[in-house]
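These features come from TrEMBL:
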DOMAIN    57-245  domain 'p53 DNA-binding'
SITE      Lys77  site 'Interaction with DNA'
BINDING   Cys130, His133, Cys195, Cys199  Zn(2+) binding site
COMPBIAS  238-248  compositional bias 'Basic and acidic residues'
REGION    238-268  region 'Disordered'
Amino acid sequence: MSDSFHCSQESDILPPDFKHLINSESYEDIISAVENEPFMVAPMKLMSSPTCAMLTTDEYAGPFGFEIQIDGGSSGKQWMFSYDLNKLFINIDTAIHLGFKCEPFQSGLFVRAVPVYCETDAFQEPIVRCLFHRAESNPHNKGFSADIFDHVLRIIHSDAMYDYDESSERRSVRVPLGHPQAGTDWVTVEFKFMCKNSCISGMNRRPTDVIFTLEDSNLAVLGRRKMKVRICSCPKRDKTKEEEDMKSKHGNTVPQGKRAVAHKTEDDPSSKLRKVDLFQISLLDKEALVDVTDYARSRILRKLRIEKRGATEKEEKLLNDYECTLQMYE
């Protein structure tokens, strides 16, 4: 048996072109030189996951000139976009169309969206829906698979893929980018946000961004864009308030010798009282209204903590109403 596998003859294992090396007098010198030559291996470049705990949020057009656009002219009661703040204000379960562009478009590209907290101390914490909105009984979850109940972001597309990073516990959604239709340079993707920033057992009033990345099939990031987002019940009111706060902080620019005059309108939150559900009471002043509202809100939260449960639909609605009132008079 050993004879049948005998292959010690150099002529049996070396190609003909190399036989002259065996017979050459310099053979041993060649082997010695090779053995003493340092063998360098180029280090493999490891790319971090686009959904890692410390993902990068810097804007990056990349080699494809990745861009995102939103049609502010089509906004309405359910969503509004502030170009001054670069921020989207949108109601829950509201469809919004975002346009994506790269040059050139090609097969194998994906767009991913991952929500993150803006604040440094909460940045690494994954964003999930609150107990109420992710419950199977919630009407927003009807017809959807249970494995996406925790996802705040949805893409309305048959090829949407919902990802969960086991290391960072971040949840994201991605979709093949495809090619633009005739007459346009943009590919439109429909998104929905399925929980509010004010939900106590979820985002709990913390500000959020959405990071959009252009990726290839190997999850390599080829472009990155960022958008601030607030999911709320009153997009117009919250947009107006935040823009006014920004102007107050940075100062208004007015012509020399003239004063900026604030005009109250019908839509100005400070020009009218909000209707209170169930009961109406008379209060002495604004401070009393804030105190009563804050007490009512705290009472529900204390009850939820004691009973160790999530808010019911009625309690969630009341908490959102109280939150709106407190923000109105802050």
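Cβ coordinates come from backbone N, Cα and C, glycine included.
Automated prediction, rather than curation, is the source of TrEMBL annotations.
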Env. residues of Zn(2+) site, Cβ within 8 Å of mean position of Cys130, His133, Cys195, Cys199 Cβ: Arg129, Leu131, Phe132, Arg134, Val152, Met194, Lys196, Ser201, Gly202, Met203
Residue among the recorded positions Lys77, His133 whose Cβ has the most other Cβ atoms within 10 Å: His133
Largest tally of Cβ atoms lying within 10 Å of a Cβ, found at which of the binding-site residues Cys130, Cys195: Cys195
Neighbouring C-beta atoms (10 Å sphere around the C-beta of Cys199 (Zn(2+) binding site)): 25
Residue among binding-site residues Cys130, His133, Cys195 with Cα closest to the Cα of Lys77 (site 'Interaction with DNA'): Cys195
Local backbone state of His133 (Zn(2+) binding site), from DSSP in three classes: coil
DSSP-derived helix, strand and coil totals, residue by residue, for the compositional bias 'Basic and acidic residues' (238-248): 11 helix, 0 strand, 0 coil
